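Trainee: Below: one structure in C-alpha cells.
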Amino acid sequence: MSELVAVPVLLPLAAAGLSMAFGRFADVQRLLGLLVLGVIVVDAAVLLYFADVHGPLVLHLGGWAAPVGIALVADRLAALLLLISVIVMFAVLLYSIGQRITDYGRGTASTTFHPIYLVLCSGVSLAYLTGDLFNLFVAFEIMLASSYVLINRRTTASRVRAGMTYTIVSLSSSVLFLTMIGLVYAATGTVNLADLALEMGQLPPAPVRALALLMVIVFGVKSAMVPLHFWLPDSYPNAPAPITAILAALLTKVGIYAMIRTQILVFEREPSWPLMLTLAMATMIVGALGALAQNDLNRMLSFLLVSHIGFMLFGLGVYDIAGLTGVILYIVHHITVQATLFLVSGLITRYTGTVALSRMGGLAKISPLVAVLFAVPALSLAGVPPFSGFVAKLALLRSGIGVGTVWGYVATGVVVLTSLLTLYAVARVWSRAFWGQVRDPEGDPDPTDELVVGTGDTSPGMVRATGVLVLSTVLVAALAGPLAEVSRRAATDLITGEAYRTAVLGGDSGG
Amino acid sequence: MNTVNLTMAIVLGGLYATGFYLLLQRSLMRVLLGIVILGHGANLLLQLAGGSQAGRPPMLGDAPIERMADPLPQAMALTAIVITFALTTFLLALAYRAWQLLGHDEVQDDVEDRRIRRLEAELAEADEETERELDSEATR
C-alpha cells in the first residue's frame, strides 16, 4: 500500500525520459503526458482517502528507517494539495496541447515541453510528500530547474532579462535554503522533519528563533511574500499563458505549503503569531495596490497573486486550527482559480492581440463564452458568494476574529479591505475589456514571439480545458462542506503533529 | 564536538561576503560568479555542520563507530554540489543567450522603476511648462 506514495514522484520522472525518446511522435508524447497525469490524479485520490481513513501513509526510501533515511509521507494535507495540484496540471496540459495544435498544427511537437512538464510534476509531488528537509531542497530544485527551462524557453530579446531575474533570484534563495539546512543540521544533527520537532524542543530559545526566521525568509522568497515578492510580477507574465498559469498556481503554493509544514511541525508556538500577521498584512496591501496600478492584464493578475499569498500567510499567522483550516481551504481554492484566470487571460489576448487593458474592449460581444469563463473565477477570487473564494475567506475571517487581540482585529480588517480591492481590480478588467466599444484585434508585433498573438483563433481544446478548470472551481464551492471537514482534520493533524510523528518515527510504516 | 574551527569560520564568512557582494553587481557574469562562490560557501558550511574533528571514513568494519566522520552532511554536500554545478551551467548558457540577443550583459532596471522615472520626467516637464507660462504672463 505505502508504495503508492512513491508513484507521483517516480512515474513522471520515468515518463519524462520516455517522452523525450518519443520526441518525434507528437501524439504519443501528448497521450503519454495526459495518461501519466491521469494516473497520478487517481493515485492522489486514493492516497487522500487512505490518509483520511487510516492515518498518514509512510514510505521509507531504500528501507532505511526514518531519522537516517528519507521518508515520503502522505498525510491529509499533503494528499489533498497533491490531488488538487495534479488536477490543475492535467487541465493546463490539455490547454497547452490545444494551443500548440492551433498554432503549429497537429504534426509538430516541441521536443522539450512535455518532458520538462512531467519533471515539474515530479518535483511538485516530491515537495508535498517528502518528510525530510534536505529532500525538500532537492524537490524545490527539481521544480525550479524545470520552471527555469519553461520560463526561458524560446526566449526573445525582450524576455530574456525577465527570465534571468527569475533564475538568479531563485538560485540565491536556494543557496540560502542550503545555508539554512547546514545550520539546522549543525544545531540538531538531523534533517528529518518529524525528528527535528523533537530535537528543536531541547535547544535554547535564541537559536531556535533564528532558525525559524531563516526558514520564513527562505520560503518567503519562494512564495512571494512581501517584501520578497519583487521578482514575481516581473517574471511570470513573460511566459506563454499555460506556463504562467501552472507556475503561478503551483510554485508559490508549494512555498506556502513548505512554510506551513516546517513552521508548525518543527517549532512550538502559542496561537497568534504577530510577526506573520504583520507580514501577511503587508503582502495583502502591497499586492492589491500594485494590482490597481497595472495596465497589463498579466501583471495585474501577478500582483493579485502576491496579494492573495497574504491571505494564506494570515491564516498561518492566526496559528490555530480554525486559521489553518482556512489556509488549507484557501490554497485549494486559489490553486484552481489562479490557474484558470491566467488561462482565460491567454484566451483574451488571443482575441485582442494585446495585454494592455486600455486597448481592449467589447469582448463580451465578441465572445460571450470567454466572458463567462472570466467572470466565474474572477468573482471567486474576490470572494463573492456563492463561489469557492467566499467559503475560504469566510473561514479565514472567522478565525481572524477568533484571535481576540487588537492586532488580530486589524489584520481581519485588512483581509476585508483587500477583498474589496480585489473586487475593484477585477471589476476594472471587466469594464475595460469586456464592456465598451468592440475593437479590432491588434496585429502581432513580433511573430517570432509566442507571447502575443492577436489571431482570434482558439481551438476547442483550449476553451474546453479552461472550462474544465472553471467547473472545478465551482466544484470546490459545491463540495465546500466535505472539503472543510477534511481541511479541519488536516489542520488538527498539523497542530498536534502527533499522527505525523508516530507515523514517521514509530517503526510501523502504516501500510 | 561543538567547537567550530576558527579558520573555517573566517573562510566561510569571506566566501559569503564575497558572494553577496558580487551578487549585487550589474554585470551578469559577476552575478553568476557570486552565485558560484555562495554555493561553495554553503557546501563548506554543510561540511562544517558535520562536526569539526577529523574522523575515519564512514565504512562499516573499517573503524569503530565513534571515530567515524558523520556521512550525512557529506552526502548532502555532494548532492548540493551536483545541483549547483548543473544550474551554473544553465545560467552560463542563459547569460550567453542574453549576450547573443542584446549584445551586453548588464542587468536591466526594474520595470516599475522605469515607469516611475518616466512619470517623473513627464511631471517635471509639465511643471516647467506651467512655470514658463507664469513667467511669460508676469513679463507681459
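Yeah, the Cβs are placed from backbone N, Cα and C, and that goes for glycine too.
Annotations for this protein, taken from TrEMBL, read as follows:
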type     : residues  : note
DOMAIN   : A:131-415 : domain 'NADH:quinone oxidoreductase/Mrp antiporter transmembrane'
TRANSMEM : A:31-50   : transmembrane segment
TRANSMEM : A:80-97   : transmembrane segment
TRANSMEM : A:109-128 : transmembrane segment
TRANSMEM : A:134-151 : transmembrane segment
TRANSMEM : A:163-188 : transmembrane segment
TRANSMEM : A:208-232 : transmembrane segment
TRANSMEM : A:239-260 : transmembrane segment
TRANSMEM : A:272-293 : transmembrane segment
TRANSMEM : A:300-321 : transmembrane segment
TRANSMEM : A:327-348 : transmembrane segment
TRANSMEM : A:369-387 : transmembrane segment
TRANSMEM : A:407-427 : transmembrane segment
Trainee: Would you kindly list the residues that approach the transmembrane segment (A:300-321) from elsewhere in its chain, counting only those six or more residues past its ends and only Cβ-Cβ distances under 8 Å?
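Mentor: Hits for the transmembrane segment (A:300-321): 223-226, 229, 232-233, 236-237, 248, 252-253, 256, 259-260, 263-264, 269-288, 290-291, 294, 327, 330-331, 334, 338, 341-342, 345, 357, 381, 392-393, 396, 399-400, 402-403, 408, 411, 414-415, 418, 421-422, 425-426, 429, 488, 491-492, 495.
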Trainee: For the transmembrane segment (A:272-293), could you work out the same-chain residues 6 or more beyond its ends whose Cβ comes under 8 Å from its Cβ atoms?
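Mentor: For the transmembrane segment (A:272-293), the sequence-distant neighbours (Cβ-Cβ under 8 Å, at least 6 residues beyond its ends) are 216, 220, 225-227, 229, 233, 300-301, 303-311, 313-314, 316-320, 403, 405, 407-408, 410-411, 414-415, 417-418, 421-422, 424-425, 428.
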Trainee: Within the same chain, where does the transmembrane segment (A:134-151) have neighbours whose Cβ lies under 8 angstroms from its own Cβ atoms, ignoring anything closer than 6 residues to its ends? I mean 6 or more beyond.
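Mentor: Distant contacts of the transmembrane segment (A:134-151): 70, 112-113, 116-117, 119-120, 122-124, 126-127, 162-163, 166-167, 170, 174, 177-178, 181, 191, 222, 235-236, 238-239, 243, 246-247, 251, 254, 258.
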Trainee: For the transmembrane segment (A:327-348), find every same-chain residue at least 6 residues outside the stretch whose CB is under 8 Å from a CB in it, and list them.
Mentor: 77, 80-81, 84-85, 87-88, 91-92, 95, 99, 240-242, 244-246, 248-250, 253, 256-257, 260, 297-298, 301, 305, 308, 311-312, 315-316, 355, 360, 363, 367, 370, 373-374, 376-378, 380-381, 388-389, 391-393, 395-396, 433, 458, 462-463, 465-466, 469-470, 472-473, 476, 480, 483-484, 487, 490-491
Trainee: In terms of Cβ proximity under 8 Å, which residues at least six beyond the ends of the transmembrane segment (A:31-50) contact it?
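Mentor: Residues 1, 4-5, 7-8, 11-12, 15, 18-19, 22, 57, 74, 76, 79-80, 82-83, 86-87, 89-90, 93-94, 97, 114, 117-118, 121, 125, 486 contact the transmembrane segment (A:31-50) from elsewhere in the chain.
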Trainee: Sort out the residues at least 6 away from either end of the transmembrane segment (A:109-128), same chain, that have Cβ-Cβ distances under 8 Å to it, and list them.
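Mentor: Contacts of the transmembrane segment (A:109-128) (Cβ under 8 Å, skipping residues fewer than 6 from its ends): 8-13, 15-17, 19-20, 23-26, 29-30, 32-33, 36-37, 40, 72, 78, 81-82, 85-86, 89, 93, 96, 100, 135-136, 138-147, 149-150, 153, 246, 250, 254, 257-258.
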Trainee: Run the contact check on the transmembrane segment (A:239-260) against the transmembrane segment (A:208-232): 3 or more C-beta pairs under 8 Å, excluding pairs closer than 6 in sequence.
Mentor: yes
